[in-house]
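Enquirer: First, the structure itself, so that you have it in front of you.
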Amino acid sequence: MPRLDVEKTIEELSLGEKVALTAGIDFWHTASVPRLNIPTLRMSDGPNGVRGTRFFNGVPAACFPCATALGATWDTELLHEIGQLMGEESIAKGSHIILGPTINTQRSPLGGRGFESFAEDGVLSGLLAGYISKGIQEKGVAATLKHFVCNDQEHQRMAVDSIVTQRALREIYLLPFQLAMRICRTACVMTAYNKVNGTHVSQNKEIITDILRKEWGWDGLVMSDWFGTYSTSDAINAGLDLEMPGKTRWRGTALAHAVSSNEVAEFVMDERVRNVLNLVNFVDGLNIPENAPEKALNRPQDQALLRRAAAESVVLMKNEEDILPLKKEKSILVIGPNSKVAAYCGGGSASLDAYYTVTPFEGVSAQSKGEVKFSQGVYSHKDLPLLGPLLKTADGKTGFSFKVYNEHPSESNRELIEQLHLVSSSGFLMDYVNPKIKSLTYYVDMEGLFTPEEDGVYDFGVTVVGTGQLFIDGELVVDNTKNQRQGSAFFGSATVEEKGSKELKAGQTYKVLFQFGTAPTSDLDTRGVVVFGPGGFRFGASRRVGQEELISNAVKLASEAEQVVVFAGLTSEWETEGYDRDHMDLPPGSDEMISRVLDVNPNAVVVIQSGTPVTMPWANKTKALLHAWFGGNECGNGIADVLYGDVNPSGKLPITFPVRLQDNPSYVNFRSERGRVLYGEDVYVGYRYYEKVDLAPLFPFGHGLSYTTFTRSDLTLTTTPEKPQYEESGEPITATVTVTNTGKVAGAEIVQLWVAPPATEVNRPVRELKGFTKVFLQPGEQKKVEIVVEKKLATSWFDEMREKWASEKGEYEVLVTGTGEGVLKSSFKVEKTRYWLGL
């Protein structure tokens, strides 16, 4: 279609058409006006891959490492490449808009979506978000910065009031958005669910209009988070352009009435529509047809990029006695619950059906030239493992039949609406549609055959947003239809997992029937949570095994093994949108397993997968420790590349790992209490707190070792002359450093530039990260690198009395760090205190 003449189109639109354009028509699409050639636009999650339009039975996609993993790369060029591939993935899914990146701030290790954001530091997070967005938009696809702002916990996320000082709001929580905008003016911004200082962000004029649009000069489209609109006139007047998803709750006839009664001025309505039409023009060059089919790419070059990203994200936490890299020629024992599980992404909006996955065991097995043995050690599932992949259909296919009916199972002569073949026994039905379904209330029979490999008692579990009963050979084993209890699955809208058990015989085939009723059939109290459409289901099973038996077997094998690697950590069950973790600990039994293995084999390598910090009570015992995050499709290969030395680890922690949860500055203020959460740590988030109170964490922000060694030398600073007021350039300061690879293997060094302020009018952090760069060096190679920072950004704090940034006069110390202990120091002066606003 030709580009729209926006102003002419606004004149030609009726009020009804304008109103329609300001709300989605379904979960993933905007409204169209065919008579004026205004097309519908498609959008898709999100943070670590482009899922497409279906949670349920969707088209597979590339899964990138989670955001904290990408944050650990500290690599803007890599993030730019990843953004470009995300753009291409979006086009393949027929999507004009990607709902990401996420750049909230991890004020606590417990945040359910902490893995979705890059870092606890605004400079690192903002620059990486800027470059990934730049890559996305270079492909013509619109990127969406989210969640604007202070959506830093899941507990009562739609109702909680985040009470935060203006200084902390500016210096910590808005800063990553501000810095990302300086690199890439994203086409879209998504508002947060929560309130900030008393007002929901989606109707907060100060945040949307005064700061984002006027102060920062941004002119894109502001959309709500899903069901995160809470008013008609207030939201429109504050600057919320688009309510998502459809069908609308707050616009439609209510908005038309508000305009006709001057609760919303017509020129304000036109502003909202103008931003929608400008977005249509922004993505016009994609030439994606309406209702485009969703396709898969999965090209060899994409797989190579995903593998490189997974390997670059791995952080070498410890490597005493050079235990790593391992020897491919030697035999190896692989232990642990994450060994044969592909923990490739977190849960919620970030989850997707990956093209393929590689488990750590598969990655190690592919590279080892010696014998590879396995021992489970412990299981770490929160809910019972999915039963679907263990089932067979009547004709021998893996999986089960999925039969949809309008009528309850008790009714005779039910009409079969649709039959599907599924493998996963976890389904979120919010985007499942069939024209024969009469309402949100319908029923599904899922049938398959289960043949156990071992005798024993088997536990079965059912979690639903709705109701569910599980039968084995006609016997009711699990009933989750009455007296339901609130759980955490499916964005916090599901029941807890109800369980039952049955003794089964190896080799005998049993008929499994799971009968599901959609969300309206539930008696669960869902106040305070979002129930997405028809709801969802999950059913699983596992043979009951004693933990001591598993650990003892692993310990015995470890005592005899030539090389041992233990894979433990979290999965999307433990870290997910919808709820926060209750603690920082690994799943039950994991710490005991690791500790006992280290007792008999001190050279065992420990690999932890999680998107956010975990406690490690055995950390002093281990000589070799890797942190591997949720690594995407190529997770297992990326880890194995580092374990065996094909890739020299270069990752640095983007978040602080405290010794214990109580050490974290948000410990006493991390949940909603009486409808609010107090950001009591103020600007002292993450490393800013630990350094201010001189409290040693387990592993600090920026930590990460290498298989080689580096030196940094010859620090010089080049400054520009001061002017009476800061101009747009911000008076650049260029730091030049010589970096030398003094070891025997090639590797990448991350050079970090920190600025320590002089004594000023207010308390400030000891030092703050202001810039960084990554450089690859062959053994013995030396390179000069430059880091450019703006004086106004490097020196300023937010003055609440003046409501401006303050760059106070004085001498500022520059500290340059990297791998190892060495610190280079220099300084520069600010001759005169200056105040400023803007981007």
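Note: Cβ is positioned from N, Cα and C throughout, glycine not excepted.
For reference, Swiss-Prot lists these features for the protein:
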- ASN197: N-linked glycosylation site (CARBOHYD)
- ASP225: active site (ACT_SITE)
- 395-555: domain 'PA14' (DOMAIN)
- ASN620: N-linked glycosylation site (CARBOHYD)
Enquirer: Cα-Cα separation of ASN197 (N-linked glycosylation site) and ASP225 (active site), in Å?
Expert: 19
Enquirer: How many Å separate the Cα atoms of ASN620 (N-linked glycosylation site) and the residue listed as 'active site'?
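Expert: About 43 Å separate the Cα atoms of these two residues.
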Enquirer: So what's the average pLDDT for the domain 'PA14' (395-555)?
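Expert: Reported value for the domain 'PA14' (395-555) is a mean pLDDT of 95.
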Enquirer: I want to verify one value. Collapsing DSSP to three states, which class is ASP225 (active site)?
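Expert: DSSP call for ASP225 (active site): coil, neither helix nor strand.
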Enquirer: Using Cβ atoms only, which residues of the same chain lie under 8 Å from ASP225 (active site) while being at least 6 residues apart in sequence?
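Expert: Non-local contacts for ASP225 (active site): LYS146, HIS147, ASN151, MET190, THR191, ALA192, TYR193, SER202, MET244.
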